[in-house]
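Swiss-Prot lists 174-194 with the feature region 'Disordered'. Swiss-Prot lists Ser175, Ser176 with the feature phosphoserine. Under the heading transmembrane segment, Swiss-Prot lists 215-235, 292-312, 404-424, 442-462, 485-505, 567-587, 622-642, citing sequence analysis as support. Swiss-Prot lists 523-529 with the feature motif 'FYXDWWN motif', giving similarity to another entry as the kind of evidence. Swiss-Prot lists His579 with the feature active site.
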Amino acid sequence: MDKKKDLLENEQFLRIQKLNAADAGKRQSITVDDEGELYGLDTSGNSPANEHTATTITQNHSVVASNGDVAFIPGTATEGNTEIVTEEVIETDDNMFKTHVKTLSSKEKARYRQGSSNFISYFDDMSFEHRPSILDGSVNEPFKTKFVGPTLEKEIRRREKELMAMRKNLHHRKSSPDAVDSVGKNDGAAPTTVPTAATSETVVTVETTIISSNFSGLYVAFWMAIAFGAVKALIDYYYQHNGSFKDSEILKFMTTNLFTVASVDLLMYLSTYFVVGIQYLCKWGVLKWGTTGWIFTSIYEFLFVIFYMYLTENILKLHWLSKIFLFLHSLVLLMKMHSFAFYNGYLWGIKEELQFSKSALAKYKDSINDPKVIGALEKSCEFCSFELSSQSLSDQTQKFPNNISAKSFFWFTMFPTLIYQIEYPRTKEIRWSYVLEKICAIFGTIFLMMIDAQILMYPVAMRALAVRNSEWTGILDRLLKWVGLLVDIVPGFIVMYILDFYLIWDAILNCVAELTRFGDRYFYGDWWNCVSWADFSRIWNIPVHKFLLRHVYHSSMSSFKLNKSQATLMTFFLSSVVHELAMYVIFKKLRFYLFFFQMLQMPLVALTNTKFMRNRTIIGNVIFWLGICMGPSVMCTLYLTF
């Protein structure tokens with residue numbers, strides 16, 4: 001009985017017991033829930049498991065006075081880092097222990113899919129697979145491999161010939177007595193009706209399938225029009241400025257402090273290896289992730305962003321274009337650090353649980369006759385072994401913790417993804433012709449963006465600043481001027497928005513993916529067909545969406561015990577804060593305009609889910625594009641004018 005008491009008083013065993021208690025929620029992937037839950041859609045999913053965030057666990061200790069044995073009443077627990085707080089309660093009934101030890105049997109339900117023997121992994125939330133980007137798969141590749149010129153006329157002529165042949169055949173049957181007689185003689189079968197085109201007795205059935213055409217030629221014409229328009233604008237600007245491009249403000253912005261920006265960016269990248277050092281210390285046994293490792297990492301992540309914001313603004317005093325580039329890149333590196341650190345942090349917890357469960361089984365299996373206690377430890381070993389072994393299936397040398405290395409982190413930072421895992425789908429070779437194509441697309445798109453900014457946007461921005469600095473003549477007058485500026489800048493912003501999307505999510509990410517042989521090119525969905533802001537939030541930026549889904553939405557549910565609505569609010573709130581910080585970096589002031597419009601997406605999502613809007617997809621898409629066309633322009637002019 002003393003051994004049993006020792007085991008039951010062990011904090012590690014208490015933790016395992018609580019993780020699998022009936023009231024502790026399912027021990028499973030933090031993102032098993034359907035992605036639609038993040039945006040208020042009607043879905044049903046399992047409760048997420050916990051990420052590594054400090055959580056307090058209350059353990060009620062029931063001391064049984066009748067025989068001196070100690071039983072522990074389960075409290076609540078998480079999979080994260082835990083701080084044990086004990087409360088002794090004197091009880092007089094040994095049945096207390098027996099009742100609560102039954103909760104160990106819930107382990108199987110918590111770690112197995114219902115009705116099957118399959119484990120529920122912490123990382124079941126998303127998968128990576130070989131797939132091209134939408135533009136490559138739907139437009140570029142078909143255009144290169146299947147374009148054969150005009151096909152509609154050929155198809156029409158083919159069908160006309162088929163129809164003429166059918167009519168001749170019918171005419172021949174009608175004029176031939178033998179053919180007509182044979183029609184009614186079908187070996188006793190029911191008579192067959194012969195359709196004719198010459199009489200109204202029967203109707204000729206003609207295939208009415210809609211004939212589709214290939215619009216690849218218009219794809220070429222579109223880019224041709226863009227190219228000629230850009231060349232014309234370039235020539236006009238050249239002659240209007242005395243045969244020189246030196247006066248281009250946008251060109252000056254793009255070429256100022258390039259060496260300084262590159263140096264800061266390199267320093268920022270190298271400083272991300274701090275999290276690798278923390279993982280090495282955990283690997284060597286210097287630190288424990290569950291007590292100090294996650295704290296050091298979290299503090300460093302916060303200081304990382306604040307420091308580089310302060311450095312670029314107050315010390316280096318860089319131009320706003322340089323500052324926003326470095327700020328956005330710092331966010332990318334921050335998300336990569338967080339995913340790498342907390343992925344391995346979770347596995348440290350699993351590894352420690354496995355070691356404890358194995359040692360406890362070896363020590364107590366023959367001395368404790370309670371099958372539920374032994375079963376809990378056996379199931380713990382089974383699940384933890386599965387979780388550790390399933391992270392690296394093709395390369396056994398990279399199994400945790402062997403994956404913790406500077407090389408592993410380096411390749412992760414090179415891959416166009418924000419979610420860390422040990423293995424990714426990889427292509428066999430680099431297509432250098434494809435890389436060249438994307439490099440040309442990158443510089444060509446930047447060139448178009450510079451022309452658009454210089455001709456359509458910069459003059460309006462200067463007028464907006466002049467309005468802001470002018471004498472105040474009343475709110476109505478200022479609003480009228482703001483509306484005029486808004487109308488003038490909308491066309492330029494629409495072009496800039498589309499070019500910016502193409503530059504980052506197609507040209508740059510696909511180029512990086514090809515250079516690193518990263519197989520999954522699903523960086524965006526067909527967001528242009530969205531009928532609600534819920535769809536848009538999910539598919540316009542897949543890498544960030546996946547990060548928010550795993551490390552914010554589900555983690556907030558696990559760590560802070562939020563429900564789905566509260567976790568959705570938490571996710572949108574954090575996203576809105578980051579967007580507002582970006583506006584602060586650009587405009588040097590906090591106005592919370594973008595924060596407000598970001599949070600406004602939540603009631604808009606609810607509106608699109610109403611019965612009136614649910615089946616009106618065309619109206620939904622029109623409203624969506626109205627927001628896309630007007631939103632960025634409204635934001636820019638508000639920050640510039642007020």
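Glycine residues also receive a Cβ, built from the backbone N, Cα and C atoms like all the rest.
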- request: Please average pLDDT over the motif 'FYXDWWN motif' (523-529) for the predicted structure.
  value: 95
Message: Treating G and I as helix alongside H, and B as strand alongside E, what does DSSP give for the motif 'FYXDWWN motif' (523-529) in helix, strand and coil?
response: 3 helix, 0 strand, 4 coil
- request: Take the transmembrane segment (442-462) and find every residue of the same chain, 6 or more past its ends, with a Cβ under 8 Å from one of its Cβ atoms.
  value: 226, 230, 233-234, 237, 248-251, 254, 485, 488-489, 491-493, 495-496, 499-500, 502-503, 507-508, 511, 636, 640
Positions on the same chain near the transmembrane segment (404-424), where near means CB under 8 A and six or more residues out: 123, 126, 128, 269, 272-273, 275-276, 279-280, 282-283, 332-333, 335-336, 339-340, 343-344, 391-395, 398, 509, 512-513, 516, 518-520, 523, 543-544, 546-547, 550
